[in-house]
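Peer 1: Please see the structure below; I have some questions.
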Amino acid sequence: MKRAFIMVLDSFGIGATEDADRFGDVGSDTLGHIAEACAKGEADNGRKGPLNLPNLTRLGLVKAHEGSTGKIAAGMDGNADVIGAYAWAHELSSGKDTPSGHWEIAGVPVLFDWGYFSDHENSFPQELLDKLVKRANLPGYLGNCHSSGTVILDQLGEEHMKTGKPIFYTSADSVFQIACHEETFGLDKLYELCEIAREELTEGGYNIGRVIARPFIGDKAGNFQRTGNRHDLAVEPPAPTVLQKLVDEKQGHVVSVGKIADIYANCGITKKVKATGLDALFDATIKEMKDAGDKTIVFTNFVDFDSSWGHRRDIAGYASGLELFDRRLPELMALVGEDDILILTADHGCDPSWTGTDHTREHIPVLIYGPKVKPGSLGHRETFADIGQTLASYFGTSPMDYGKNML
């Protein structure tokens, strides 16, 4: 029975890539800078001491980081016995965003340039805004700028509740984000607005990767909170991913846990499981792993590393999340059967010590574990698509156009 379990620690980069200068990210290192802060006692908020990731270390994380950066992360064990295969991978795609990273993991790098809204104020074309107001029958809109999602709620959340005007904002990513109050505006109404925005962006030729619904609750600035009902409306990958090939060619199954289905625009997904928060995502993943039959991929995105700690530049929170993940990792490893493979990886970096609030262009870890996987270094990989090609070979689908089999 062949099954693959893919766990994406969203934004968990392990050192700047060779082309990081194109992105202003030379020197970025999500893992390294978190470990450094922990070792100095600068991340003792809710946790204490050096970064403690014994299980990820045994799977080769510290070695992969050393391969990427040339140094061992502060306070971590560079001499631990390694029981998995490990690598550090460079991104072939032109961006450092979520869809590009995930699509490339599944064998389809993004070799075109996304469209972006680069103006920090008055970010969106007036023609687009006018169409949204008219089609969705809106009283107007707020925002129309670049912003952190939590900051803009404190700035405009109360006005949104009073006026019913949705909050439109973007970032350095190829995104159009809409924040609305779940109760006063309504979740269904927000989703409908996002569908309209997706249609207008596509028909207008803006080439924007995602429209993101950002629902929130609360009654005043300072206590607004985003909920787990986020919904991403992505464009479809430009070619069949390994997920699609497994379903189409082998009548296989692909289970999405968390936001995976949204990222792939539901292409190649046979079952969707929603969960919010690290523990809930872990619980859902464990249940799906236990239920998984032959020719199945269980694919989970642990979004909190990116959304809750990376973008918010919360080093202690990120460290605490990693330690929780590591504590629970043996539960996943115990479910890996004789012919199964477990792959732990990331989709980009988001160094919480870095300037600004955006992603960072970094190598990602590729940690592969299974009874038949030979432990040791798989070296520097030229593309995340090596993961997709490895899965294509493992399941016996037609090969992907990019990437090399690592096993």
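Including glycine, each Cβ sits where the backbone N, Cα and C put it.
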Peer 1: Quick check: of His359, His363, which does Swiss-Prot put in the same Mn(2+) 2 site as Asp306, His311?
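Peer 2: Same Mn(2+) 2 site in Swiss-Prot: His359.
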Peer 1: For the C-alpha pair, I'd like the distance in angstrom between Asp10 (Mn(2+) 1 binding site) and His311 (Mn(2+) 2 binding site), rounded off.
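Peer 2: If we compare the Cα positions of Asp10 (Mn(2+) 1 binding site) and His311 (Mn(2+) 2 binding site), the gap is 11 Å.
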Peer 1: Take the C-alpha atoms of Asp306 (Mn(2+) 2 binding site) and His348 (Mn(2+) 1 binding site) and report the distance between them in angstrom, rounded.
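Peer 2: Counting only the Cα atoms, the answer is 9 Å.
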Peer 1: Translate the DSSP assignment of Asp306 (Mn(2+) 2 binding site) into the three-state scheme.
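Peer 2: The residue in question, Asp306 (Mn(2+) 2 binding site), is helix (DSSP, three-state).
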Peer 1: Could you state the whole-number distance in Å separating the C-alpha atoms of Asp347 (Mn(2+) 1 binding site) and His359 (Mn(2+) 2 binding site)?
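Peer 2: With distance taken Cα to Cα, His359 (Mn(2+) 2 binding site) is 10 Å from Asp347 (Mn(2+) 1 binding site).
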Peer 1: Within the same chain, and leaving aside Asp306, His311, His359, name every residue whose CB is within 8 angstroms of the centroid of the CB atoms belonging to the recorded Mn(2+) 2 site, in sequence order.
Peer 2: Asp10, Ser11, Ser307, Gly310, His348, Cys350, Thr357, Asp358
